[in-house]
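Annotated features in TrEMBL:
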- 13-102: domain 'Cyclin-like' (DOMAIN)
- 112-228: domain 'Cyclin C-terminal' (DOMAIN)
- 116-197: domain 'Cyclin-like' (DOMAIN)
């Protein structure tokens, strides 16, 4: 059975919620999704996933395998079955577990995930708890969104680290970070763009799930802090546009005063033309959108000073 991107997205969101409920380690979650994607892309899964079992059972089985590998006290199959309120039995989960392990030839953790690479990137910069939690917030976005599946785990980790450091206004990407991550800033931009697009879609179930999760004290409320940062940037954006509008008005007033000193006929003509230009510009500014888009968010993160300059320039060019 082929799994659609939408079905996979819902399954990953469900697994994230389960991991949060059972206080699973981040390593368990990332390994679980790694196993899930590897199995779902296998030929056997395309034909008959886990012995005719529903896709949710495949997710539970992957979580069980990951917990056994990563946790000191892994969750039992009985508890996993209870979480589903009896919808799935322990026999179904263990049967799916055997099928998955056989298909993957028991190679559980030979493929690294973004969380593994974040540890290496951290060697270049000792991350504080806020920055680390924000990195995990972003990397879990990559678990949900299938567009990240074609990106290397090391790239996702490096992009999350650069994004998080930008939010907390830390020094930019240094040669040491380039060395440990293996990426220059230019190579991180495609991944950062996807982070921005995910954040721009605030009504998606994936965004809401992670926003609630990382809004808790145990995660330093980083989702709330990120939202506050975005609101601050929107305010600066508004102020930049209003400042540009004020400059335009001052220029128009100066032009009108100069025109008034000319001959009566010429002054009347000049004032008429100036009035028409003023009306047109007011309409343009009135239609200017202050809504936060993924494109503006990208520039906010990648180059904040250039972002504020670009806002004023963009408004000026629209006339």
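Don't overthink the numbers, they just go from 1 along the chain as shown.
Note that Cβ sites are derived from N, Cα and C of the backbone, with glycine treated the same way.
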The domain 'Cyclin-like' (13-102), counted residue by residue under DSSP: helix, strand, coil: 65 helix, 0 strand, 25 coil
Mean of the pLDDT scores, which run from 0 to 100, over the domain 'Cyclin-like' (13-102): 89
Residue counts (helix, strand, coil, in that order) that DSSP gives for the domain 'Cyclin C-terminal' (112-228): 87 helix, 0 strand, 30 coil
